[in-house]
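According to Swiss-Prot, the protein carries these features:
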{"type": "COMPBIAS", "residues": "603-612", "note": "compositional bias 'Basic and acidic residues'"}
{"type": "COMPBIAS", "residues": "663-675", "note": "compositional bias 'Basic and acidic residues'"}
{"type": "COMPBIAS", "residues": "793-808", "note": "compositional bias 'Basic and acidic residues'"}
{"type": "DOMAIN", "residues": "22-70", "note": "domain 'FHA'"}
{"type": "DOMAIN", "residues": "91-168", "note": "domain 'BRCT 1'"}
{"type": "DOMAIN", "residues": "211-301", "note": "domain 'BRCT 2'"}
{"type": "REGION", "residues": "372-716", "note": "region 'Disordered'"}
{"type": "REGION", "residues": "729-757", "note": "region 'Disordered'"}
{"type": "REGION", "residues": "793-818", "note": "region 'Disordered'"}
{"type": "MOTIF", "residues": "470-475", "note": "motif 'Nuclear localization signal'"}
{"type": "MOTIF", "residues": "804-813", "note": "motif 'FxF/Y motif'"}
Amino acid sequence: MWKLQPTESGGESVILLAGQEYVVGRKNCEILLTNDQSISRVHAVLTVTEQAVTLKDSSKYGTFVNGEKLESGSTKTLQTGYKITFGVFQSKFSLEKECIVVCSSCVDNEGKVTLSQDIRSVGGRLVSSWTSDCTHLVMPTVKVTIKTICALLCCRPIVKPAFFSALSKAVQQKLPLPKAERFRPQIDEPSLARDDVDLSARPERKSLFKGKTFLFLSSKQMKRLSVAVSCGGGVSQLLDEGALPVSLLESSSTCVLDMISGNSQPVISPASKKWLDSVGQILHRKGLRFITESEVGLAAIHVSNQTYCNPCSSLQSESVKTNPVFASATLSQSTAVDETALAAPSQNITAYVVNTEISQDQSRMVTSGISAVGETPEKTNPTQKASTTNKPLSLGQEPSSTRIVQETVMSSESFSVVESEQKMKKGSVVSARGRVEGPVKQKAPSSGNTTLKHSPQKQTALTSFFQPSSKKRPRESSASSVQPEPKFFKKDIKDNEDDIQQSFSVNRSHKTSSEETSLGQACGTGQNSSSKKRKEPEQDTLLGAEEPTAADDLEMSLEELEFLMSDEMDEPPQTAANKKQRLESGLTSKINSEQLSNQQEVTESKGRKGEKNQQSSSSNIQSMQLDRAGPAVTNQDTQTQSKRSPPDLEAHSSANKGPSKNKTPELEEVKKEEVSFVVNSRPQNGISQTSEAVLKQEMQASTSNSGPKNDPDLPRKLLQVQFMSLTVNNSSRSRPGPLQTHNPNDKNVKRFRKKNVPGFDGLPKIIGGSDLVAHNRSKHSELEEWLRQAAEEEKLNEREETLGDDLFRYNPRPAKKR
């Protein structure tokens, strides 16, 4: 855009657009000079292009270019700065070329289209990035961006998009040009006060950074801010990674830009982190600091470099404070997290553990190449530990407390050295098959040296950590042979402990302390561990109540139990209700054992029939019983075993391979009679039927006394889950025959069958609606509640914004004319 600027004050400038011709004259022309009598009606013609302006003289008194008179009818090409005089009086102008280069910021696409049309109408152009050639910055509202900082430092006006619409209209209608101050946008920065910000052109901003060197640590940061630094008179310099120019860094005129302040999630290598720390140490040693990117904009807005972009000053504003540099490794490697169990209401499972505090003495055990990991102590306060020892545990105790217990896996193989010494001291019967047959009641040695050698962590059993919970799923008798080993130990030990307490609750009811159960560690050096088989927990104690005549074994078991009852107890005492229940069950089992012994004498002749088939099974079960618990069990497990079906007994007995080393003739005979009584009894005479009726009564009495309703250790409130396939199969319908029988000799008149209309036989079963409702809707209740609250908050915010927009929207309705 070219412009004829009058040399005398008070005159109006004339805009010359490219591609048009302008006639200078006194009447009926584009450029009127009415106050000069030496101006002809058609004095001269100006032809405007992008590069130059051509002048053709057609006047009477002449036209002068830089003081030289043009000949009449001649043509002269004019350049920027030429002085032109029309006539002989005071119609003097200077030719100037004004390039309108507009940069836009925060303008939407529709606004850019309109803005570009207005700028092209006055001979300008629209650019997307700021350069030194830009003359205007267009923003709807002022936000502190790199373009805003550059426009302030270059003293360029910041205007609204409406400014160029008014400029285009003024040029076309030859009206006075609009002023940029009237189209200045408002500030839209919450951290800046409108009264403190001056967006007008102030020349001191051009030299705001003069004499300062801005040292950049990354090339991206330098590319983004170097234009703003150069607009303020500063010098930009990139510091190579690893370089430490001490003299440059220690200078007070050097502004070291913080590399992390501009990035929300910087990715810094360890070498770069070490280099940044070295640069920071050099700065702190001289009392200097890093400069953040925001300080460049604040210095340009406030026209001051005393506080901002001054490494010697300290900032109190939170918005420009330097952020500490963290290594990326701390996100995943230097964070200590305690693995804790969730609260009971969220898991819907309540698990408790007993006090298993580790001894202060150092423990040592000989593993002979086999490693085992013990349990860690429970993290509780001393007061909580004392209360746990003195109070009985219940299923509802402390549902919200958090316990930290590290679960470990115990090897199925045993420690040979420990087992051999314990076998000699305790006198207990241990199986030589190379597997743990069951828990053996033992007393911890009183000697301190022996404890250090053979009792790591006081031989804590797995039952301390795998207590039966009321939320466990019931197991079928056929599936117990393949259950995991730790769970098998837990259930087996619990049953054995209950049986011992029931047997001796009458004679030793004054005892209030509970027993400490430890996992029997079997020695299996001569056998292969791959031949280990799991038995049912009820079969392990099958022969306990059928030996009333074995006086020697009974005395040995009584001495062993007295030895156990006097030991220290770490397990919490049982409740009074459980003791009373076990007392009653013990008396009942004693009576049942006497009745069952009388019945076995009557049916002894029938038991001889299946002697050969059950011989191997009874010997294996007898050996297993002698190895696990001895004769110190009640008749309750015997009645439970008698309720099993013949396939179960045969399946479990066949799993035990190899003969037993310890055999007693009397026990073997009794066991044969019992197995034949259960398996091979047939209604041959009245005596057998009577014994079966008595056995049914005994089974009912045993079930009523030790049923799942009265036994607190059995699981309750179980949930049965069934997986159904939601498919619909079309039922095959038989094709109805014709109404009339077909005779091949008759004439074929009408032989067709009408087809029923769909829906005639009833609507099909449609799976939908309530059939597809999820079973457990409370599983994601917290997530659904959070989503619902978020949706309500969003609707509330939208409603408030709508009310605010309606409040400030001004749409007056025109009044109706009457």
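Using N, Cα and C of the backbone, Cβ positions are placed for all residues, glycine too.
For the domain 'BRCT 1' (91-168), the mean pLDDT of the prediction comes to 91.
With DSSP classes pooled into helix, strand and coil, the tally for the domain 'BRCT 1' (91-168) is 28 helix, 19 strand, 31 coil. With DSSP classes pooled into helix, strand and coil, the tally for the compositional bias 'Basic and acidic residues' (793-808) is 16 helix, 0 strand, 0 coil. Distant neighbours of the compositional bias 'Basic and acidic residues' (793-808): none; no residue of the same chain at least 6 beyond its ends has a Cβ under 8 Å from one of its Cβ atoms.
Secondary structure of the domain 'BRCT 2' (211-301) per DSSP (helix as H, G, I; strand as E, B; remaining residues coil): 42 helix, 13 strand, 36 coil.
Taken through DSSP, the domain 'FHA' (22-70) splits into 0 helix, 21 strand, 28 coil.
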